[in-house]
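Q: Below is a structure I'd like to ask you about.
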């Protein structure tokens, strides 16, 4: 019944969006490109490149999980009107309930013409769990080098759709990627100084594989990806037994997940939760971590601090 209601809501909202489209051109009265991103991280990267040259709508709200989402009528309307749509790809919005696949199909949008995966060119890491083996791990942005790649892919499509602002986009891209690159180099140096027997990042979801590869910090987790069961007794037991064989000084919990399973791990191992960190979303505006750059800086700083205890 819930699924039927969701489909009906999507259909009605799409009709409303198409009717709204018929009242004007897709670029709107402002003449600016209408751009849609699937989540707050992609929205922030896009804003850093496009500035005020576009009208931007981000679908999944700040703090919400982009793996499985039910688009609202406004999301359907904005998607149907969009000149350009950016999504992460590699099993994020297209895994789980495949909400993005349904959304663009119903909006009659065409891949690599209307919507683009910003992860194109990423060296993909694959999941390993019993029910997930062989599927792509979507969390590529947690390696800053991939964040730079995302920015370049976004700029490429903005320029293709809006060539008159090419110089503006390229200038912003250069400044932004230089900023990200400096943070990346700083992080690589910081993690070199942590003793090997303390060097492990422990989180609820196993979303730090790209981070681990980039910064040389092994990872452990309760569950592998948010589209599977989360925080079962067996998952918790497995992690607790693993941690008892280590000298890991700190645990971390993501801002967009239920923290109760990690609290159980902390209690059973006597290892404290050092900080909340960001994975699938930036923070609310005005809070620490409210941009891609600041969320990554927060993560890198807090993880290095916690593992240095």
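Placement of Cβ uses the backbone N, Cα and C atoms for every residue, glycine included.
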Q: According to Swiss-Prot, 67, 139, 205 bind divalent metal cation; identify which of 258, 268, 280 is listed for that same site.
A: 280
Q: Counting Cβ atoms within 10 Å of each candidate's own Cβ, which of the binding-site residues 205, 280 comes out highest?
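A: Most Cβ neighbours within 10 Å: 280.
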Q: Measure from the Cβ of residue 67 (divalent metal cation binding site) and count the other Cβ atoms within 10 Å, all protein chains considered.
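A: Step by step: centre on the Cβ of residue 67 (divalent metal cation binding site), count other Cβ atoms within 10 Å, giving 22.
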Q: For residue 139 (divalent metal cation binding site), list the number of other Cβ atoms lying within 10 Å of its Cβ atom.
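A: Excluding its own Cβ, the number within 10 Å is 23.
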